[in-house]
């Protein structure tokens, strides 16, 4: 009871920090996950150190303090004896109990009863386990016999493992062959599509020529009729002038003239009807929606017992699993491709390595004029499609709408501050933004590196709040659905939640959770906050620019302060984060991560797994955001621009 009461008062978070590796988030053990001490005093498991040491040259960089431990082998590092003592003490009583005699529990066993399957000491064997009812033998002999049995089973399992590996290799060969066939069919479809486009272009040219001939013929008839109408109009005007002159004559002269003049018929030569050519569109040769072709399935049998040799297997295969066929096939043969499993589609796309997001255009270039950037470091998109960019090199926040540049926000000191600084000949304070976000109330939150503060502006550029209390080095900022701002404190190791009023400034602030060097932060529609931990460095950051230092792993916390989903440094067997420099969450709750050292944009679905959205075209991505219309904006720091990509992923179901 006393032990249970003592266990109930343990701080589980503190115990987790001591007994878990902060990189792989696995508990320390005395073997593979043995705790090792770096020269800086931090503890990392042996398995993670092996991976870090294999990918480095000069030593191991601590993910917490960035100090380098210069070693060439793990034997140069000492064990953390304190952690090992805790592990050994926690399992001491259980381990000792497992070693004792099963009968009395007080003496070490020397005999093994094969009939009962228990280990016994000599007194217990002589008392209760005598032959012929029991078959006993020394523990060492029984153990050797059991080891021989296990050795035989191990040999059979290894043979089975080898067979499974061969089958797996054959399956990979089949997968490569299928991918090649898919691409070939897609290329064939593209050729057929281009041929039909050429046919459509020729058909349009012929159609427009025929339409032009009809238009020319009708124009001649209309022009001839217009000519006759103009002549009749001139004659009518001439007769009007003639009669006006007659009306103005004197009475005697008017009466003396002969009145037997006949009135000419002006409209006699005008045709009553016009013969024109009417035109209408007659659809020929096609009924229903236009389709280039359809994917047709054929049965195909692959012998998994035989070895599969990639291209040789593809060349020797007699029938294809998917073929391209023209639209003149029978309806029974049609099998639309969308019936394929979403999970299989996902795996095939990941294997093909095709970039999922297409580049559309880029916005901005290096400069100081409106719409230009100089080392931009943060990006945010509002619900009204307004884009906010933290332009660090130009000491400003730029706001863009759908039409282009809208306005900029700079730091404007008070009158007395400006007067005193100008009088003393000092430089005026600048706004050095590190991160920017806007809440649902239209307030813009900015973390300022100039004085390590949180500043809140209106859209008009008026500063309504400036908060420095409890903040050592504020960096990342995001806005919760409730309108609160969440700010990360890199040196303080905390995430702070601020409630800001437009008239009163910061009215409430509290600590959301603690973390190891949290830097970049984002949140989803439910209020779950994702933040980076540790310290990852961009390998090309030769000038030690702090804004190019990123995260080492990703953690999450709910609005109630409960820790949630974690993505460790080694997010895959052969993949790891190098320098996380930006994050955002899409409408489905999937996490999108920008790694400035990998120069890639990674996608982590809510149900698990990962994929690479953008592999090429980026020099140093430091910020990402999604627009309401489904476009992915990537802020490229060293290219001084915002690059716009398409983002319309297929909605896969979780397998």
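A Cβ is built for glycine as well, from the same backbone N, Cα and C atoms used for every other residue.
For 101, 104, 124, 129, the entry in Swiss-Prot reads Zn(2+) binding site, with the evidence type sequence analysis. Counting every protein chain shown, the number of other Cβ atoms lying within 10 Å of the Cβ of residue 129 (Zn(2+) binding site) is 20.
According to Swiss-Prot, the coiled coil annotation covers 139-198.
Here Swiss-Prot flags 56 (among others) as phosphoserine, drawing on similarity to another entry. Sequence-distant contacts (6 or more apart, same chain, Cβ under 8 Å) of residue 56 (phosphoserine) do not exist in this structure.
The phosphoserine annotation in Swiss-Prot covers 330 (among others).
The phosphoserine feature in Swiss-Prot is assigned to 337 (among others).
If you look up Swiss-Prot, you'll see 341 (among others) marked as phosphoserine, on the strength of similarity to another entry.
As annotated by Swiss-Prot, repeat 'NHL 1' applies to 360-403. Residues 409-411, 430-438, 440, 444, 446, 449, 457, 459, 547, 582, 622-629, 631, 633, 635-637, 639-646 of the same chain lie 6 or more positions beyond the ends of the repeat 'NHL 1' (360-403) yet place their CB under 8 Å from a CB of it.
Residues or ranges marked as repeat 'NHL 2' by Swiss-Prot: 417-460.
With a threshold of 8 Å between CB atoms, the same-chain residues lying at least 6 positions outside the repeat 'NHL 4' (564-607) that come near it are 23-25, 48, 51, 55, 63, 356-357, 378-379, 520-526, 528, 530, 532, 534, 536-540, 548-558, 613-615, 618-626, 632, 634-635, 637, 647, 649, 651-652, 654. Annotated repeat 'NHL 4' per Swiss-Prot: 564-607, in sequence order.
Summarising model confidence by region, the zinc finger (21-66) averages a pLDDT of 84. Marked as zinc finger by Swiss-Prot: 21-66 (among others).
Residues or ranges marked as zinc finger in Swiss-Prot: 96-139 (among others).
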If you count the other CB atoms within 10 A of the CB of residue 124 (Zn(2+) binding site), including all protein chains displayed, you should get 22
Secondary structure content of the repeat 'NHL 4' (564-607), with strand meaning DSSP E or B = 0 helix, 17 strand, 27 coil
